[in-house]
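Q: Supplied in structure tokens, the structure appears directly below.
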Amino acid sequence: MLAGYVLRLAGKNMLRHRLRTGLTLAGIAIAIVSFGLLRTVVDSWYAGAELGAAGRLVTRNAASLSFSLPVTYAERIRRAPGVRAVTWASWFGGIYIDEKHFFSQLAVDASSYLNLYPEYLLSPEQSAAFQHDRRGAVVGRKLAAKYGFKIGDTVPLQGTLFPGNWSFVVRGIYRGADDKTDENQFLVHWDYVNETIKNTLPAQAERVGAFIVDIREPTQAAAVSAAIDSSFRNSLAETRTETQKAFQLGFIALVDTILLAIQTVAYVVVLIIMAVMANTMAMAARERTREYATLKALGFRDGFVAMLILGESLSLSLAGGALGILLTYPAANAFHSATRDLFLIFQVQPLTVLLQLAAALLIGVSAALAPMLSSRRVQIVDGLRAVT
Amino acid sequence: MTALIQIRELSKTYRRGNQPVPVLLGIDLEIAEGDYVSLMGPSGSGKSTLLNLIAGIDKPSSGTLLIGGIDIAALGENELAAWRAANVGFVFQFYNLMPVLNAFENVELPLLLTNLSKAERREHVEVALAMVGLADRMDHHPNELSGGQQQRVAIARALITDPTLIVADEPTGDLDRTSADDVLNLLDRLNGELGKTIVMVTHDPKCAARARRRVHLEKGVLLADADAEH
Ligand SMILES: Nc1ncnc2c1ncn2[C@@H]1O[C@H](COP(=O)(O)OP(=O)(O)O)[C@@H](O)[C@H]1O
Ligand SMILES: [Mg+2]
């Protein structure tokens with residue numbers, strides 16, 4: 001019964017100085033919103049990094065990267081919920097001149113691969129030329145510059161994984177859409193390689209190294225990955241699907257420092273409002289010294305008065321916290337649209353809300369501590385003599 | 001018959017820094033149950049200090065203080081709080097009502113420490129407020145009441161738990177003549193009709209004249225009773 005009474009009194013006390021209560025509530029709410037937004041910035045940055053530029057997934061053999069998968073899996077992957085398109089690629093692993101001239105080559109599905117990599121900018125003519133020539137190749141600009149490859153050049157490669165002497169004709173040279181795009185790729189027709197090895201290496205025919213999966217909703221990456229992998233559970237070759245990390249290592253180190261700074265600011269904001277709130281509660285409790293002394297004279301215990309202070313502090317901080325949490329969602333949406341290019345997804349995570357709640361709780365409890373202790377120390381007769 | 005309040009050699013010394021401030025110097029006093037005593041004396045003579053000791057909100061430095069046979073100085077903090085809740089009604093000079101509570105809730109406050117049901121509490125509060133003539137002001141907050149009305153609410157709060165003893169420290173000190181008379185009439189009734197033992201601090205002789213017995217304090221020492229009733 002007394003607990004309910006404490007809360008009612010706390011509520012009434014809050015309404016006593018409407019302006020002060022309003023400002024305190026606003027302060028706490030703003031701090032909680034800032035905390036939530038800053039944390040969401042950090043979360044979203046990492047989430048975006050996980051997803052890569054286009055939110056692609058890679059499905060490979062669960063046993064090992066060096067094991068392949070049947071090309072027939074493509075159809076089943078395409079049917080998984082949330083999948084927009086599928087393509088595939090195999091390591092070709094050919095040697096150009098000698099082993100010092102190393103660059104990687106991929107045998108890709110020519111009709112679909114470039115659709116999934118819109119950041120590889122290729123003119124429509126070159127793209128069509130590549131499609132029409134089974135021995136054609138598309139080369140990244142940097143790689144082409146390094147070896148002096150030009151359109152129409154023939155590039156001889158000595159097969160390792162796929163035996164034989166191969167030669168490909170450069171039909172296209174692509175540019176990257178931005179700095180982060182890899183311009184060192186060498187793409188050839190998987191169809192051509194597959195046809196050829198049906199005789200020389202029948203065990204590897206109709207198999208691919210990995211499927212690349214484009215999904216509709218980047219935020220659903222985890223769910224789609226799970227759906228794909230579960231559809232191949234107990235198959236001859238089980239799959240493992242992961243997000244493609246199109247994130248450059250050197251970049252992470254710099255960003256990490258910035259993100260650490262943002263995290264720190266988030267916590268500092270909470271610390272500041274803790275101090276402000278502690279001051280507010282100390283003022284409120286000091287004003288009520290005589291009331292508290294009167295309650296004690298009437299026979300209420302020290303603990304009751306302490307609970308009054310804690311109840312008032314918590315009511316204030318939790319109300320402000322709740323307001324802040326509610327406002328975090330529209331604030332996050334506004335922030336996301338204002339920074340459209342920066343974040344692929346910008347979503348307030350459940351953990352962030354939990355931390356916001358914990359921060360509000362901490363603000364309330366810490367603000368109540370000092371007034372609670374001093375209210376215990378004040379003698380009734382001294383409290384009654386206090387002027388208000 | 002033994003007195004309700006028995007005080008022997010009661011002393012109180014405050015400390016101001018390292019400096020001891022003796023306020024009460026060996027008080028001997030007995031107050032019978034049902035008596036109405038006014039404590040008089042100049043400002044700073046120790047009236048409030050003595051009253052606070054009797055009410056159990058302060059502890060004596062030495063001497064004995066028995067109330068209803070109980071040595072209240074020996075009680076622990078929580079026992080003493082429970083003792084006050086059951087045995088003492090307080091009337092303060094500045095009323096000391098909770099500003100956020102209305103008249104009804106202020107009077108109800110001490111009943112929250114009892115086992116009474118909500119309905120029983122309501123009944124008690126309504127009777128008490130009717131007795132002080134404020135049945136129609138139950139939902140008024142203190143700032144919507146005059147000083148005299150606030151003090152009457154405070155008196156209702158003091159009698160709500162039916163305590164044996166009512167202590168009043170300058171209960172009319174902040175009131176005009178008419179309101180003061182209302183308050184004094186109420187105290188008369190509490191003593192005469194309900195048999196409450198009242199100890200009232202005042203420095204106003206007119207006020208003190210309403211009591212059955214007058215006791216004078218001078219620099220922490222009790223003078224002989226001003227009249228020969230006892
Ligand atoms: N808590 C206290 N600490 C120190 N001195 C006090 C305290 N309470 C009262 N005194 C001193 O004790 C003396 C008597 O105070 P009080 O009993 O309030 O006098 P009265 O009520 O007769 O005016 C005063 O000099 C006052 O300053
Ligand atoms: Mg006094």
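Including glycine, each Cβ sits where the backbone N, Cα and C put it.
Checked TrEMBL, it gives:
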{"type": "DOMAIN", "residues": "A:21-229", "note": "domain 'MacB-like periplasmic core'"}
{"type": "DOMAIN", "residues": "A:265-379", "note": "domain 'ABC3 transporter permease C-terminal'"}
{"type": "TRANSMEM", "residues": "A:21-38", "note": "transmembrane segment"}
{"type": "TRANSMEM", "residues": "A:249-282", "note": "transmembrane segment"}
{"type": "TRANSMEM", "residues": "A:303-331", "note": "transmembrane segment"}
{"type": "TRANSMEM", "residues": "A:351-370", "note": "transmembrane segment"}
Q: So which residues does the transmembrane segment (A:303-331) touch in its own chain, when a touch means Cβ under 8 Å and the partner is 6 or more beyond its ends?
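A: Answer is 2-3, 6-7, 9-11, 13-14, 21, 24-33, 35-37, 40, 277, 280-281, 284-285, 292, 295-296, 348, 352-353, 356-357, 359-361, 363-365, 367-368, 371-372, 375-376.
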Q: Grab the same-chain neighbours of the transmembrane segment (A:351-370) for me: Cβ-Cβ under 8 Å, and only residues 6 or more beyond its ends, written as numbers and ranges.
A: 28, 31-32, 35-36, 39-40, 43, 270, 273-274, 277-278, 280-282, 309-310, 312-318, 320-322, 324-325, 328
Q: With DSSP helix as H/G/I and strand as E/B, how many residues of the domain 'ABC3 transporter permease C-terminal' (A:265-379) fall in helix, strand and coil?
A: 97 helix, 0 strand, 18 coil
Q: If I take every residue in the domain 'MacB-like periplasmic core' (A:21-229) and average their pLDDT values, what number comes out?
A: 88
